[in-house]
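According to Swiss-Prot, the active site annotation covers Asp83. Per Swiss-Prot, the feature active site, proton acceptor maps to Glu176. Marked as Zn(2+) 1 binding site by Swiss-Prot on the basis of sequence analysis: His81, Asp142, Asp199. Among the features that Swiss-Prot reports, Zn(2+) 2 binding site is placed at Asp142, Glu177, His381, with the record citing sequence analysis.
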Amino acid sequence: MTYPNLLDRFLTYVKVNTRSDEHSTTTPSTQSQVDFATNVLIPEMKRVGLQNVYYLPNGFAIGTLPANDPSLTRKIGFISHMDTADFNAEGVNPQVIENYDGGVIELGNSGFKLDPADFKSLEKYPGQTLITTDGTTLLGADDKSGIAEIMTAIEYLTAHPEIKHCEIRVGFGPDEEIGVGANKFDAEDFDVDFAYTVDGGPLGELQYETFSAAGAELHFQGRNVHPGTAKGQMVNALQLAIDFHNQLPENDRPELTEGYQGFYHLMDVTGSVEEARASYIIRDFEKDAFEARKASMQSIADKMNEELGSNRVTLNLTDQYYNMKEVIEKDMTPITVAKAVMEDLGITPIIEPIRGGTDGSKISFMGIPTPNIFAGGENMHGRFEYVSLQTMERAVDTIIGIVAYKG
């Protein structure tokens, strides 16, 4: 189905800079997200028909569309995030490419281009309307496509009361891209049987498995002496960092793994002879494998300290989120419903693990099973990001189908 306000709504959203800031200590991490929620989203939530609309101190804008059929007793939530990734989001100037011809798309005057030779996903979209960047910013389809789709679904349901639906709760939240947005999510206040994050990629994505995730911060304490007289005295902290890294499995890196394979990812290393620091992220799907990866890092640190005769390696491990499969597989209703709706719409569900996490990873462990469904974005988090309007329309169809489902 086509929705006349969907494209303009999406274009309005992406032109607002809502980039999050991992170094901030506030919630949300940037004032622009507060402004976007209070000045743009909340007024529109009221206009499209949501009731009891409010903004919480945790950064979530919340609203409800009451059920219009007493036989549909479920309460279902839909959640998308306001923030965009760590890439330029100031001055987003989207290009709308109607009836895409399957060829190269020049991204404004930036000198960058979307070429099917480099981005095979473009081969799916001839004849469709694509929204791209101008090459100087990201687009923000992650996750403003999700926000626009949820808002459009509510607007359509309000305008078409003949479509019977259950109670719907909507939540637009902050700081998903920096991994803290759902930390303060109020599951008791949201009060639904299950929910969906509308934060996926291509048409048909339906995901209920995520990584389990941890962060590792390492400090290496060296001893700096003049290199000319260093033998037997110098301890080079940078060399310690190298030695630590070289003891990790050589092939367990993001660029060498796929599917259900986990990894260690060195994010940053800084320092000097005197001291050095390294930051890693640890990812795996199975709980035992996840715990084994953390234990392996601790074992390497302990072994190095034993060999050095002092505590020159300090490791701090912090769990970040867990594989939501552990919660959702106990009651697969949200997957069964979404899968049936997609199939009824002629959409082939793509049920694959997310090699990442969503807000649903945390919200599921708060008591609300929250799998992820497609929102349409491709090449997210950078200048090559784009989205198909037709895929966004199908996401709206899917949301409407889920809340009207009687199975």
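One-based numbering along the chain as shown.
Cβ atoms are placed via backbone N, Cα and C, with glycine included.
What you are looking at is a predicted structure, and each value in this text was computed from that prediction instead of being measured.
Structure coloured by features recorded in Swiss-Prot.
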{"residue": "His81", "record": "Zn(2+) 1 binding site", "Cβ neighbours (10 Å)": "29"}
{"residue": "Asp83", "record": "active site", "Cβ neighbours (10 Å)": "28"}
{"residue": "Asp142", "record": "Zn(2+) 1 binding site", "Cβ neighbours (10 Å)": "27"}
{"residue": "Glu176", "record": "active site, proton acceptor", "Cβ neighbours (10 Å)": "26"}
{"residue": "Glu177", "record": "Zn(2+) 2 binding site", "Cβ neighbours (10 Å)": "24"}
{"residue": "Asp199", "record": "Zn(2+) 1 binding site", "Cβ neighbours (10 Å)": "27"}
{"residue": "His381", "record": "Zn(2+) 2 binding site", "Cβ neighbours (10 Å)": "16"}
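Sequence-ordered, the extra residues of this chain that approach the Zn(2+) 1 site, with Cβ no more than 8 Å from the Cβ center of His81, Asp142, Asp199, are Ser80, Asp143, Gly146, Glu176, Glu177, Thr197, Val198, Thr358, Asp359, Ala375. Using a 10 Å Cα-Cα cut-off from Glu177 (Zn(2+) 2 binding site), the recorded positions that qualify among Asp83, Asp142, Asp199 are Asp83, Asp142.
Highlighted in sequence order, Thr84, Ala85, Phe87, Leu138, Asp143, Met380 have their Cβ within 8 Å of the centre of the Cβ atoms of Asp142, Glu177, His381, the residues recorded for Zn(2+) 2, and are not part of that set. For the recorded positions Asp142, Glu176, Asp199, His381, a Cα-Cα cutoff of 10 angstroms around Asp83 (active site) retains Asp142, Glu176.
A distance of 6 Å separates the Cα atom of His81 (Zn(2+) 1 binding site) from that of Glu176 (active site, proton acceptor). Distance from the CA of Asp142 (Zn(2+) 1 binding site) to the CA of Glu176 (active site, proton acceptor) is 10 Å.
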